[in-house]
Structure formats: C-alpha cells, structure tokens
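To keep things clear, I will list the structure first and then write my remarks on it.
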Amino acid sequence: MSYFPWLTIIVVLPIFAGSSIFFFPHRGNKVVRWYTICICLLELLLTTYAFCYHFQLDDPLIQLEEDYKWINIFDFHWRLGIDGLSIGPILLTGFITTLATLAARPVTRDSRLFHFLMLAMYSGQIGSFSSRDLLLFFIMWELELIPVYLLLSMWGGKKRLYSATKFILYTAGGSIFLLMGVPGMGLYGSNEPILNFETSANQSYPLALEIIFYFGFLIAYAVKSPIIPLHTWLPDTHGEAHYSTCMLLAGILLKMGAYGLVRINMELLPHAHSIFSPWLMIVGTIQIIYAASTSSGQSNLKKRIAYSSVSHMGFTIIGIGSITDTGLNGAILQIISHGFIGAALFFLAGTSYDRIRLVYLDEMGGIAIPMPKIFTMFSSFSMASLALPGMSGFVAESVVFWGIITSPKYLLMPKILITFVMAIGMILTPIYSLSMSRQMFYGYKLFNVPNSYFLDSGPRELFVSICIFLPVIGIGIYPDFVLSLSVDKVEAILANYFYK
C-alpha cells in the first residue's frame, strides 16, 4: 500500500499549475500553449504511473485512499480514492483533455485565460471522479461549471452568450437538487454529518425518503448526461462552442452524469434504484429513438453530432437500468467508447470549419476531393458511431443488448419490446450518420467554386485523430482492456440487489 498522496497531486496539479500562467510575460501564445500541453502530459503520465504501479485490478475495494481533515467546524474531510468504476473515466479525462489542449492551437485571443480555464476544468473533472465524500463531490461537480461557462461565453459563435446562459441555468438548476440532497443524506439519523461514501452505502433510509433523495440526484445527473427532456441545452452549447471545448463536453462532461448515477444513486440508494430502473429503461429507449430521429433533421453539423451524442447516451441509461453485471459493464464501456468517438467527431467538424467556414450541411459538398485525410478520418469515426463491428461502439452496444436480454428483473415481453425499439434506433443511426457524410464530402458544390483551395489535415490534426482512433479500434478488438477494470466493482455494487 502506498501512502504517497497520488490522488491529491493529480487533482490539484492542473489548477495550481494553470494559475501560474497569469505570471507569464507577454511573449505570444506559443509559450502558454506548450506549457499547458506539458502540464497535461505530466498529469497523464502521473495518473498512468500511479494506476499501473499502485492499483490492483482484482480488488473491488477503494484504493489509493486519502483522508485529511479539512474544515473542523463542519467535520469536512478531503477524501479521495479510486476503484474500478472511476479509473476508466479518470484516464479518459486525462487523454481527451491533453488532445483538446493540442486541438486549441487556433485560439489566440486571451490565450492565457483560455488555457487556465481548461486546466481548472481538468481538476474539477478528476476531482469528481475520485471523490469519496458527498460534499467534496458536490464542490468538484460545481468547480468545472464556471470554466465551461466562460469558455462558452468568450470563445464561441454568434449566439455564444445565449448558449452559455442556457447551459448555466440548466446545470445550476440541476445542482440545486444535488445541494439539497447531500446534507439531507449526511445529516439523516445523526447530528454529526456523515458524508463519506462507505458509511452512506451502509446507511438505511425509509423508502419514501430514499426515493426523494434518488429523484433529486437524478434530476442533477439527467441535466449533465443528458437525459430527455433535460437535454435541450446540449445542441445549442455544442453549436456555439469552440471545438476544443466541444471535445471536453462530449468526451468528459456528459460522462459525469452517468458516473454520478452509478456512483451515488445506484451504489448508495439501491432500493430506490430498483424502483426507478424500469423507468430508466423506458426513458433510455425513447431517448435513442427521439435523438436519432431529431438528428436527421438538423442542418447544423455540430448540432447533428450533438443529438447523436444524446442518442448514444441512451444506451448508457439502459445499461444502468438493467441491473445486471453485463448491462452495467456495457454502460461503462459505452461511457468510454462514446468519450473517444464524440470528441473525435467534434474535433473533425471543427477542423473542417476552420478551412471552409461553413457549418450548415446544405451549404457543404465535395470537400472529399481537396481534403482526403479529413474525409478518411471523419468517415472512420462515423462508422464507429454507427457501431461498425471491430470498433468500440459495436462492442459497447452489443454488451448492453445482452445485459437487457439476460436481466432476470424484467419479464420476457418487455425485454423483447425494449430490444426491438433499440434495434430501430440503431437502424436510424446510419441514416443521420451516412447522410451527414454524404452532404459534407460528396458532390462537387465546393470543389467547383472559382479559386477554391482548401488545405487538408496537417500533422497536428492527423496526430490528434490517430491518437483517438487507436483506442477506438483497440477496444473494439479487445474490449477486456476496459471491462477488466470495472468487472469486480460492478459485481460488488450489484451484490446489494435482489435481482442479479
């Protein structure tokens, strides 16, 4: 056992190192950009080293635990720890944030503030995934909201203030329910607040109170995931944000809601989750169909990709609601898989916009000829998004399917119905995905424009795309690379349920 504070260093390094950016002399953006990339790389290497040498995969208990008394008057502790459920999202956060920083090279206005906000968001996300205390989880949950709001409102499109305001209203409104639930759970049955996850997991609540806690937390996570009908902030936000911010939103931010749903609602409130799980299955199924159908009608490229993200997160919701080892493992695999695919699609959409300055699909066409590298990578990730065999999306969705079919909690006919509707959603996915590629890359519209000349993907864009594509293929070929991280923890969570 290592007593070195690995997790504390991993959580605080980005925001503290980012604070020093403001003391840099005004010598252009290059120094700030490379400093930020080096911090992200150092953070990713530290995380990888700590997990490789100090984390036991076959141990479902919390590891690398840290517990320091922070505020005496509230009995508030700085509690950190990781297990098989959090290690995957933490590594995903480090990987995507590093590549998003590299993708942010075109940002030149207020570069120091921009890169500081990315590093502050990094700390908040890592802190959320590694917190072992309800109040600390809430603080980290809120910490990354302010950087996202500023990134949206200062480095976005024409309607950036509208989308940023809509984002903060939705997320802050959801956080109110989280803020009310955290002290309620901590103070129940005791004058002293009990906020650590382990004690809360062993706490029993009256069923009515547990349902109230569950529903309040569910609203907060439904905004972040997002779950319909609390999803409407997402297309507007993605439509206006810079594509490096979109990478962080699609790759990491959406996954925090699903993580909270498993970590707190499913692990700490098992009886309420058993009651709500059929409704999660129904909502997830509707979400797949609704978002896939709506995506086909979007003319804005980034909004179409945003609705595809909503559709794919429906599989995660269904996997969580299945209450089976296979279904929950599939949901976690889908979290990781879509983190890569969603970030890559937004990155490639942004690099295309940098060249052609068009965002509406009906204005595009024919850019496969002048930009074959972007065409190849975008087509590859579109195939991954529609769950082509051999890629991570196919494995994740197949595992979720199998989890539903084998669930003993549900009768045969509801399982067949849900599986059938999900299959329809998977048929709709190629419709919006392939039509998006056709409208962008095929035809001769832009190619025939007089004096048109578009540069293809450069080394930086190609490097980012390949770095994301390799794990998509790797997980598709060998999914145990991710599943082995969570399988023991999933068994421990489901041991509290009557249906397994």
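Glycine too: its Cβ is placed from the backbone N, Cα and C atoms.
As annotated by Swiss-Prot, transmembrane segment applies to 4-24 (among others). Sequence-distant contacts of the transmembrane segment (4-24) (same chain, at least 6 residues past either end, Cβ-Cβ under 8 Å): 31-32, 35-36, 39-40, 42-43, 46-47, 50, 54, 64, 66, 78, 80-82, 90, 112, 115-116, 118-120, 122-123, 126-127, 130.
Look at Swiss-Prot and you will find 37-57 (among others) tagged as transmembrane segment.
Beyond the transmembrane segment (84-104), the same-chain residues lying 6 or more positions past its ends with a Cβ under 8 Å from any Cβ of the stretch are 10, 33, 36-37, 40-41, 43-44, 47-48, 51, 55, 57, 60, 114-115, 118, 121-122, 125-126, 129-130, 242-245, 247-248, 251-252, 255-256, 259, 262-263, 332, 335-336, 339-340, 343, 347, 350, 460-461, 463-464, 467-468, 471, 482, 485-490, 493. Residues or ranges marked as transmembrane segment by Swiss-Prot: 84-104 (among others).
Residues or ranges marked as transmembrane segment in Swiss-Prot (evidence: sequence analysis): 134-154 (among others). Listed as Cβ neighbours of the transmembrane segment (134-154) (distance under 8 Å, sequence separation of 6 or more from its ends, same chain) are residues 74, 76-80, 110, 113-114, 117-118, 120-121, 123-125, 127-128, 160-161, 163-165, 167-168, 171-172, 175, 178-179, 182-183, 185-186, 193, 195-197, 200, 220, 237, 240-242, 245, 248-249, 253, 256, 260, 264.
Counting same-chain residues at least six beyond the ends of the transmembrane segment (208-228), those with a Cβ under 8 angstroms from any Cβ of the stretch are 141, 170-171, 173-175, 177-178, 180-181, 184-185, 188, 234, 253-254, 256-258, 260-261, 264-265, 269, 271-273, 275-276, 283-284, 286-287, 290-291, 310, 313, 316-317. As annotated by Swiss-Prot, transmembrane segment applies to 208-228 (among others).
If you look up Swiss-Prot, you'll see 242-262 (among others) marked as transmembrane segment. Note on the transmembrane segment (242-262): residues 85-86, 89, 92-93, 96-97, 99-101, 103-104, 107, 118, 121, 125, 128-129, 137, 141, 144, 148, 151-152, 155-156, 217-218, 220-227, 234, 302, 305-306, 309, 313, 316-317, 320, 328, 331-332, 335, 338-340, 342-343, 345-347, 349-351, 353, 493 of its chain, located 6 or more positions outside it, place their CB under 8 angstroms from a CB of the stretch.
Tertiary proximity for the transmembrane segment (272-292) is limited to same-chain residues at least six positions away from its ends with a CB under 8 Å from its CB atoms, namely 207, 210-211, 213-215, 218, 227-228, 231, 265-266, 307-308, 310-311, 313-318, 320-323, 404, 409-410, 414, 418, 421-422, 424-426, 428-429, 431-432, 497-499. Residues or ranges marked as transmembrane segment in Swiss-Prot (evidence: sequence analysis): 272-292 (among others).
Positions annotated as transmembrane segment by Swiss-Prot, on the basis of sequence analysis: 305-325 (among others).
Among the features that Swiss-Prot reports, transmembrane segment is placed at 330-350 (among others), with the record citing sequence analysis.
As annotated by Swiss-Prot, transmembrane segment applies to 374-396 (among others), with the evidence given as sequence analysis. Distant neighbours of the transmembrane segment (374-396): 308, 312, 315, 330, 333-334, 336-338, 340-341, 344-345, 348-349, 351-352, 367-368, 426, 429-430, 433-434, 436-437, 440-441, 456-457, 461-462, 465, 468-469, 471-477, 479; these residues of the same chain sit at least 6 beyond its ends, with a Cβ under 8 Å from one of its Cβ atoms.
Listed as Cβ neighbours of the transmembrane segment (416-436) (distance under 8 Å, sequence separation of 6 or more from its ends, same chain) are residues 281-282, 285, 288-289, 292-293, 295-296, 301, 304-305, 307-308, 311, 314-315, 318, 361, 382, 385-387, 397, 401, 404-405, 410. Residues annotated as transmembrane segment in Swiss-Prot: 416-436 (among others).
Summarising the annotation, Swiss-Prot assigns transmembrane segment to 462-482 (among others). Distant neighbours of the transmembrane segment (462-482): 88, 95, 99, 102-103, 332-333, 336-337, 340-341, 343-344, 347-348, 373, 377, 380-381, 384, 389-396, 399; these residues of the same chain sit at least 6 beyond its ends, with a Cβ under 8 Å from one of its Cβ atoms.
With a cut-off of 8 Å between Cβ atoms, the residues of this chain six or more beyond the transmembrane segment (37-57) that come close are 2, 6-7, 9-10, 13-14, 17-18, 63-64, 82, 84, 87, 90-91, 94-95, 97-98, 101-102, 119, 122, 484-485, 488.
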